Amino acid sequence: MDKLREKINAARAETDEAVARAEAAEAKLKEVELQLSLKEQEYESLSRKSEAAESQLEELEEETKQLRLKADNEDIQKTEAEQLSRKVELLEEELETNDKLLRETTEKMRQTDVKAEHFERRVQSLERERDDMEQKLEEMTDKYTKVKAELDEVHQALEDL
């Protein structure tokens with residue numbers, strides 16, 4: 001009977017550990033999902049910046065063309081063209097930087113997705129393990145109840161003798 005109690009207590013301890021691990025995995029999953037959400041927001045922001053920079057670059061390139069055609073004075077034309085060329089260079093550099101950040105963020109999002117999937121599988125595994133342990137605990141409790149009832153009957157029969 002003591003062994004049965006020890007087994008039940010051990011099963012309860014295992015169940016408690018499984019529940020704790022499942023809760024920890026769920027917390028980690030929530031954290032990873034939050035990180036994923038933040039990375040998605042960052043990705044969207046960088047995408048908008050990249051699109052804006054591309055649009056601005058196209059506008060400046062068009063403006064550069066128009067200024068070159070309209071300018072009568074070579075000195076003025078040269079100065080304005082240099083300024084616009086410099087702006088174009090800066091925008092191209094900014095576009096390259098944004099593209100790099102976009103690629104990095106995309107890779108980080110992919111890695112975060114992989115982590116989230118891993119933790120989801122781990123949570124499911126721990127939940128199945130917990131369910132199995134709970135079922136075993138119920139079975140052992142039923143066995144304990146039956147054995148105790150039989151023991152009480154035997155004890156009662158012995159007392160009646």
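Cβ atoms are placed via backbone N, Cα and C, with glycine included.
Database features, via Swiss-Prot:
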COILED    1-161  coiled coil
COMPBIAS  40-52  compositional bias 'Basic and acidic residues'
REGION    40-65  region 'Disordered'
REGION    107-134  region 'Disordered'
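Secondary structure counts, DSSP: the region 'Disordered' (107-134) has 28 helix, 0 strand, 0 coil. Residue counts for the compositional bias 'Basic and acidic residues' (40-52) under DSSP, helix first, then strand, then coil, are 13 helix, 0 strand, 0 coil.
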